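Annotation source Swiss-Prot lists coiled coil at 244-286. Annotation source Swiss-Prot lists domain 'CID' at 2-133. What Swiss-Prot records for S2 is N-acetylserine, and it gives similarity to another entry as the kind of evidence. Annotation source Swiss-Prot lists phosphoserine at S153, S156, S285.
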Amino acid sequence: MSAFSEAALEKKLSELSNSQQSVQTLSLWLIHHRKHSRPIVTVWERELRKAKPNRKLTFLYLANDVIQNSKRKGPEFTKDFAPVIVEAFKHVSSETDESCKKHLGRVLSIWEERSVYENDVLEQLKHALYGDKKARKRTYEQIKVDENENCSSLGSPSEPPQTLDLVRALQDLENAASGDAAVHQRIASLPVEVQEVSLLEKITDKESGERLSKMVEDACMLLADYNGRLAAEIDDRKQLTRMLADFLRCQKEALAEKEHKLEEYKRKLARVSLVRKELRARIQSLPDLSRLPNVTGSHMHLPFAGDIYSED
């Protein structure tokens, strides 16, 4: 991948489109350069505010993709986006229409469902998006309309994934957190003192207490990071399950279509074969003109009309 620079990032952000491929491509580039997460977030926020209203939502889609897909690599982006994400939500919400707010609400729901941020940050995001509005009362008819729309959207099948995307998702899971033997060993080797509250009574001086505190902090960081990676792996496996289901559905539909086509062409072959058989039989029943006498090439003289009708 190309080297990181703020100028390169600004250029890539200026070329960012609303397509899934564009967002995912830039997201992968950013995650690859995650050691520059702080300047990346700074440039992202600056360019977000400069972007036209119809492009601002795409910036948040990019942030969402980076935050969620970088979790298995490390917590850098989740932490560095946290101080600016609330104001970013507020800015985009104030600059765009209600349709855009619905999409922002969907992103927020996913973050809440997957515990991307702590509850206090999620509450701030809700306030930035919805303000102090209370749930408005709706008539029974309005509720039924919303339910029907939701059912319709949930029931509509997803687009099947490209084969390359499916292969990439499977390859990503080859290095999943659950297979990290080194971390498993580190967790298994944690001293019992960091896991049993009852053992705190054995601390008799400040020095040993501070030493244990350092061990507990390290254990917390190790376990929190690994839990985050496992949560990301679970999300990846859920996504892969959906991708496989969509792919299988698509293949079943394609199979049914091709079987139908095969039957159709079998019938056509049968009709053409019948024509060929009948044609061969008809050809066999016709006279062979090549066996008739060659009238034009012989020396036989045909009689003249006068000879035929002459009187004796």
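Cβ atoms are placed via backbone N, Cα and C, with glycine included.
Counting only residues at least six positions away in the same chain, no Cβ atom sits under 8 Å from the Cβ of S285 (phosphoserine). The DSSP breakdown of the domain 'CID' (2-133), given as helix, strand and coil counts, is 104 helix, 0 strand, 28 coil. Across the residues of the domain 'CID' (2-133), the predicted structure has a mean pLDDT of 88.
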